[in-house]
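Data block below; observations after.
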Amino acid sequence: MPTPEHVKGKDARSSFQDGDCKGPGERLAMDTKSSAIIDSPYLRSLVAGGIAGTTVDTSLFPLDTLKTRLQSSAGFWASGGFRGVYNGIGSAVVGSAPGAALFFVTYEGVKKQFAASPKRGGLGEAGGHMLAASLGEIAACMVRVPTEVVKQRAQAGQSPTSLLALTSILQQRRTHGFLHVWRELYRGWGITVMREVPFTVIQFPLWEGLKKWALNQRAKSSRPSDVTGAESAIFGSISGAIAAGLTTPLDVLKTRLMLATQRESAFSITSKIWREEGGKAFFSGVGPRTMWISIGGAVFLGSYQWASNLFGGV
């Protein structure tokens, strides 16, 4: 699925502002070009985000499936165990690129406007990153939630494929109407936003902060102030793992809401989990989730930085 400023002048600006976060090898490869491959920073962010989203969602899909089955109320083995770990990948492929692209174009756009504004409402740099990440997630969830609903129903064994899961939902229009179908596709919207916003509010300021720390260290030693894709991957892994562990209870609740065969409120499901399974159930799948998102943070933010540097030109 979400950069340092004013460190050693222009060299420390984010890739969104001037595309100048290339490492030595990346800069050498671009020396023959006189301008950016994609001139518009918004389009560059859109394309780089789409590449990052597709890369991470397809490469780590089996781990996401195992995490979903661990969190299912039916249990891991009843939901499919280790069988068919690619069930539902179709919806992930369809939704990953536009979802991530929407996130990054919103995130980078808001961040840029915030940095340029003389009045920031008392928010510092980290506050600007939190605001940008929050708005980016809300935009991304417009695409992510329907594909997540379809994907998780296939992952949990409720339908053998994403297409059949989607067809099952759409067929309900005949008996329940279009509004019911809309609600089914966006089931768990509220809790998804409640999960994703805290996650990105933790992850992205940490990621940005680690990048800024690296730039400061280089400035002290007079080394080139560049952020490479590999460095961004390391920082993305660290920040993602921390955010994943802290937001696991919200992820469990979101999964239960999306897999429920009947509509239930977040409060009723929370009470039911606490009453029947105890507090430890809120951390079901924390191991696979943390590992998956740690790896995913590396792939996602590493590939985003790489693609952004690549398209940013000289």
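Even glycines carry a Cβ here, placed using N, Cα and C.
Per TrEMBL, the feature region 'Disordered' maps to 1-25.
Annotation comment: TrEMBL describes 40-113 (among others) as repeat 'Solcar'.
As a summary of secondary structure, the repeat 'Solcar' (124-213) carries 77 helix, 0 strand, 13 coil according to DSSP. Residues or ranges marked as repeat 'Solcar' in TrEMBL: 124-213 (among others).
For 231-310 (among others), the entry in TrEMBL reads repeat 'Solcar'. Restricting the average to the repeat 'Solcar' (231-310) gives a pLDDT of 90.
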Secondary structure content of the repeat 'Solcar' (231-310), with strand meaning DSSP E or B: 69 helix, 0 strand, 11 coil
